[in-house]
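Let me begin by presenting the structure, written as structure tokens, before commenting on it.
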Amino acid sequence: MAIFNNTTSSSSNFLLTAFPGLECAHVWISIPVCCLYTIALLGNSMIFLVIITKRRLHKPMYYFLSMLAAVDLCLTITTLPTVLGVLWFHAREISFKACFIQMFFVHAFSLLESSVLVAMAFDRFVAICNPLNYATILTDRMVLVIGLVICIRPAVFLLPLLVAINTVSFHGGHELSHPFCYHPEVIKYTYSKPWISSFWGLFLQLYLNGTDVLFILFSYVLILRTVLGIVARKKQQKALSTCVCHICAVTIFYVPLISLSLAHRLFHSTPRVLCSTLANIYLLLPPVLNPIIYSLKTKTIRQAMFQLLQSKGSWGFNVRGLRGRWD
């Protein structure tokens, strides 16, 4: 069965929507959307590649940043086919099975990103509040354990939800408000009582994301208390500057996530075009902005990226030179 096609809707498919009411402008809208996807793919790939290849970046802070880049890259790839399929080819149909698979990965990678942001907050907490023991607390083994917990966490909580959804029947042919499958909207079209799965989804979001947000806030309360206790003003500013990128990453991830969730669960009269816009912001804002923020604010990352680009350029020049000698 095809993942999506542009045929007439059937009872075993959902209809995806990019921007309701703006179908005539989809070709023009696809230009900035495609540019944003390109920036997200190239930016996160570059960040990940730089951290993996440069040995001086093999430190806990950069390990967590590479995890964030990898998650953003995967989240971008998960929704890329359906978003561009709707905008370019009007390929609106998606089968139930493909929808469930995409929905699982969208929510799994979102939960992964939330977990990585928590790990990064812990890293900043240890670096500022307990700098003398930073190397002994965040060892390579500890970073590996944290990474494994981050990967296992979505499977433990989301697989039961996916199994439960797979056992119920759905009304086919309904239009979704997004160019991808999102649990709070998909679950509305079940024949059985949708409130059970909806309640479980709400519980998971409040429990998991809520716990993550509280942990991050608590970490920054302790960080702020430590920074305010520093006498030298320059040292205060330096300590706070190391947290700016992470605070930006937390903001651009949680604000769209919470806004989209509230629009679906509490404000049922929200215009569909607004829901679609929020969905695209939720998907694209973190993957696009995170590489830009970290490359601009982190001198080490910026220098490593320039060095990598220069080495690739010089390698290409040398190859062309060798070809010129033998031609």
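Each Cβ is built from the backbone N, Cα and C atoms, and glycine gets one as well.
Membrane topology per Swiss-Prot: T139 and V221 share a side, carrying the same topological domain name.
If you look at the transmembrane segment (199-219) against the transmembrane segment (28-48), you find fewer than three C-beta pairs under 8 angstroms, all six or more positions apart, and that falls short of contact. Between the transmembrane segment (240-260) and the transmembrane segment (28-48), the number of CB pairs under 8 angstroms, six or more residues apart, is fewer than three, so the stretches are not in contact. Ranked by number of Cβ pairs under 8 Å to the transmembrane segment (28-48), the listed stretches 102-122, 142-162, 276-296 are led by 276-296. Among residues of the same chain six or more beyond the topological domain 'Cytoplasmic' (49-56), those with a C-beta under 8 A of the stretch's C-beta atoms are 62-63, 65-66, 69, 300-301, 304-305, 307-308. Contact between the transmembrane segment (142-162) and the transmembrane segment (276-296) does not hold: fewer than three of their C-beta pairs are under 8 Å, each pair 6 or more apart in sequence.
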